[in-house]
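K.L.:
Residues or ranges marked as coiled coil by Swiss-Prot: 101-130. The feature compositional bias 'Acidic residues' is assigned by Swiss-Prot to 37-46. Among the features that Swiss-Prot reports, region 'Disordered' is placed at 28-53.
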């Protein structure tokens with residue numbers, strides 16, 4: 001039951017390549033350097049009709065046929081195999097995963113800190129507004145009390161001048177001693 005599978009592709013694309021002999025008539029052979037005549041000699045007009053000039057755009061087909069066939073399935077298999085087995089590839093994936101996790105973690109941490117900061121800003125903003133209202137009320141109360149004290153001071157200084165001056169002197173002595 002232990003089967004060992006081949007690591008080579010199951011289909012060889014070279015099996016399906018059309019041989020060069022099928023392209024040409026029987027009287028002409030192709031070698032790597034170009035066109036040569038076989039035993040059956042033909043005139044130059046016949047050769048020129050089979051192989052058009054460069055300006056006709058078909059010369060490139062002859063040049064392509066001279067190059068070896070490209071095995072795309074082998075190339076694809078080797079590319080995938082190298083990519084999967086390559087240690088650098090797995091290390092880069094691991095580093096990328098760690099970096100992504102770190103960025104995600106820091107992003108969540110920053111979002112939490114921003115939320116806490118916003119809550120504190122809202123809290124202190126509300127306290128400042130209440131403090132502004134309280135301070136304006138205190139200012140009004142202090143102004144009203146200073147007017148009452150000034151009124152009482154005038155009233156006591158006129159109705160009880162002797163007692164008023166004695167108490168004023170005691171207060172002055174107390175502040176000088178301290």
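The backbone N, Cα and C atoms fix where each Cβ goes, and this holds for glycine too.
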K.L.:
Near the coiled coil (101-130), which residues from the same chain, at least 6 beyond its ends, have a CB less than 8 A from one of its CBs?
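P.N.:
For the coiled coil (101-130), there are no nonlocal Cβ contacts.
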K.L.:
Averaged over the coiled coil (101-130), what pLDDT does the prediction give?
P.N.:
97
